[in-house]
Structures are given as C-alpha cells and as structure tokens.
Amino acid sequence: MQNLNKTEKTFFGQPRGLLTLFQTEFWERFSYYGMRAILVYYLYALTTADNAGLGLPKAQAMAIVSIYGALVYLSTIVGGWVADRLLGASRTIFLGGILITLGHVALATPFGLSSLFVALFLIILGTGMLKPNISNMVGHLYSKDDSRRDTGFNIFVVGINMGSLIAPLIVGTVGQGVNYHLGFSLAAIGMIFALFAYWYGRLRHFPEIGREPSNPMDAKAKRNFIITLTIVLIVALIGFFLIYQASPANFINNFINVLSIIGIVVPIIYFVMMFTSKKVESDERRKLTAYIPLFLSAIVFWAIEEQSSTIIAVWGESRSNLNPTWFGFTFHIDPSWYQLLNPLFIVLLSPIFVRIWNKLGDRQPSTIVKFGLGLMLTGASYLIMTLPGLLNGTSGRASALWLVLMFAVQMAGELLVSPVGLSVSTKLAPVAFQSQMMAMWFLADSTSQAINAQITPIFKAATEVHFFAITGIIGIIVGIILLIIKKPILKLMGDVR
C-alpha cells in the first residue's frame, strides 16, 4: 500500500494514480458496453442485409449474449486468483486489457462464427482479469486511515458510468447505422486508449503497487498448477469435441446448456466449501446462512436487470417506435441507444439516494428492507412493460417512453440492491473467505445470466405480455418474502445491519 503525501500534485484532491485508473476503467467500460449494445443485433441480423450480421435465430442470439455475460462474471474468480498467486494485480490488469483488445479486434473481422467465439473467449478472460483487480488497485492508492478513500471510489465509479453512458451513442450509432464490424473496431480503439492510459500512468504514479502477487506460489505449487491446468484444458477440449460430435446441428445450443449448468453449480460449490471449512467459526456460519436468501434474491434481481441487453434490446428494435415525433419534431432512434438509459438513470438517481440516506442517518432502512423494496421496484418495472401489449397488442410499435419509464423504475431498484449487496457481502464474510465472498456477489450475476440463457429464448411476440408479467410478479413476490422473513435474517446477521 502506498503512503501518499497529501501536499503532492493531485487529481481533484485525490492521488494522481486515481486519474490513471479512472481513464483506464472509462475506456474499458466504453468498449464493454459499446460492444454489448450492438452484440445481440449483430448476432441475428441477416447475412444478406446491407449491414450484415451472422443470421442466427433471435432466441439463440439472446442465449449467447446471456451466457457470455455469465462467463464474464464467472471469470472474475480466475482473474482474482491469477493476481493474488501468479502475476500481481498490475500485470494481470495489463494482460487482461491486451486480451480484451484482441477480442474486439477479432469481432471486427468478417470471419463469422469462428471469430465470434474466439473474440468472446478473449473478452471473457480479459475482463475477468481486469475488472476485479482494477477496483482493488484504487483501494491501494490510499492508506487505511485516509479520509479521501470513499470520495476516491465515488470518482472512480463516475468514470465507469461515463464510459457506459457514451458507448451506446458512439459504438451503437456506427455499428447499427454503418457497419457492425466498424462498431466493434471502435470498441477495440477504446481498449487501446485504456491500455495506453494504464501503461503510461502506472509507470509515473504507482510503479510499485500490485507489482508482485500478494500470496505467491512456491515452485512446487506452480508445478502442480501447471499440471492441473493442462489436465483441465485437455478435459475441456475433449468435452468440447464430444458436445460437437453428439449433434453438430445443435452444437451451439448444447454448448450453451453445458455452460448454464456450470454457471449454476459453481456458486453451490462455493457455499458448500465455506460451510464445511474448519476455518469458519459458528458465528460466521450463522452470518453465512443469513447471506443465502440475499444471494438468491440477488439472482432474481440480476436476472431481470441483465435482460436489458437481450430481451429489452430485442423489444426496443422490434416493438418500439424508432421514429417518434415529440414537440413537433421527428427523431430517429437507433435501438442500441436504449442501453444508455441504464447508466443515465444511475447517474441521475444516485445523488437523490445519497441525500436520502444521509438525511435519514441511523433511521434508514436495514439491508433486508432495501433489498426487498429494490426487488419490488425491479419487478414493477417489468409490469410496466406489460402495458404496451395489453393496451395495443403485440403486433405494432409502441412509444419509446415505455422503455424510459421502465429503466427509471428499474434503476431505482438497482440503487437499493447493488451497492447494499456489495457492502453486505463483505460484512457477512467469514474472515478466512473475504475475497471469496466478494466473488460470490459477482457469481450471483453470473448465475442469473446462466439462467437467462435458458429462459430468454421463450420471449417472442406471442409470449411478450405473459413473460413480462410472470417475471415481474416473481420479482415482487421475492421482495415481499424478504420483508416477511426480515426478523429471522437480521437475527442471523447479528450486529450487521
């Protein structure tokens, strides 16, 4: 950890290294959300269209995007482990950035499904290496008693939201309006900017932070790791081949099914590992039990929220009025632009929630109440999406304002769940499993998208109203259940609120 002189040259009163990490994450999120804004459209756009895509069925395209999201969050476990045991955070971040860049370059090439799967593999692995470690690097810029720490993280989050906000406008406009591969090229350029900002800034401002692994492997452990990794890769390749041989025509669907199972099983293994560990005390085991309903609730929340890049993206392209007339002026909307509504409402609503919590102080709702209310709002956002179909049927086009309203309500729900969930994950973590509990929070998102890979193909015009209604009601019911069982959960949580 770096000891910083508060009189040195700063970035908004913060360590200069924060500017480097701010810029790196800004451009990384720009590339990630820019690519994600057009990915599903590229997958199902006709191969004969002027702006040709891969021509996959919409159901399969949505499943691929979902499983991609699941694996991105699953890979954060690998990224954290590589930084802690092998390379150190600094080199892991840079290597991750290189892999992401190569992935976007692969997407920019017109080689069909082959380049798609190579690209997604590289981006998944690279994001897993970069995402968890760059947040840890922010923390290492400060001493434990530095009062600037929380403000520094807030500034860092602003960089994330800024990159997420402008990406759909730039990458989406070029990708959908001109050429998908050109859009992916812009995402690659964004990652090149991220790499340059990180490489240059790290050398100048924090050359020693994260340089070495915090828990390095000895020679014997490295040898065992190489042997294990080799075996895993061989088994994976054999499994890949067997899945293909079983049914070449259904290979993609079968592969998605296998990955969905992995995404669901991994968190179960993690929970069993922690519950059965001799390093976990009885009091910690009670707190871990309290985390289970929160984890399951988080899966429901993220399952709805993450459908913005699949179901909501498809609805926006096929069902919303893309040429609305407002105040006498006719506008054109690229469907990918809807993806900016998520970060936009996060930016707009965050100060309101911060002010409310500051005003309430110790009187603010408990974690369980916030979770429950957040889930109810998230479920309500999908009930809103039933109204266009109920009022005017599902064959025509509806106002884009339905999506604006849906995102506004859903992001209010996210601000009640996401920051609280991240915080409570650390508070309820057993001492011996602090980092693993942070991974568990990411795994909730991973599991939700693994489930989405199975349920999003159900969505079509004929099922639109029922899908939104059932999914929304599930979210509301889970929120209500949390409020009902609040007392026993709080009892298990002990002094954590």
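Residue 1 is the first one shown; counting continues down the chain.
Using N, Cα and C of the backbone, Cβ positions are placed for all residues, glycine too.
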Taking 65-83, 407-425 as the choices, which stretch does Swiss-Prot tie to transmembrane segment?
65-83
Annotated stretch (transmembrane segment, per Swiss-Prot) among the listed ranges 336-354, 469-487:
336-354
Answer with yes or no whether Swiss-Prot records G112 and Q245 within the same membrane-side topological domain.
yes
Between the stretches 65-83, 155-173, 182-200, 225-243, 336-354, which one has more Cβ pairs under 8 Å with the transmembrane segment (255-273) than any other?
65-83
Do the transmembrane segment (155-173) and the transmembrane segment (116-134) come together with 3 or more C-beta pairs under 8 Å, pairs six or more apart in sequence?
no
Which listed stretch (65-83, 182-200, 294-312, 336-354) has the most C-beta pairs under 8 A with the transmembrane segment (373-391)?
294-312
For the transmembrane segment (294-312), find every same-chain residue at least 6 residues outside the stretch whose CB is under 8 Å from a CB in it, and list them.
36-37, 39-40, 62, 65-66, 69, 267, 338-339, 342, 367-368, 371-372, 374-375, 378-379, 381-382, 403, 406-407, 410, 413-414, 417, 421, 424, 440-441, 444-445, 447-449, 451-452, 455-456, 459, 467, 471-472, 474-475, 478-479, 482, 489
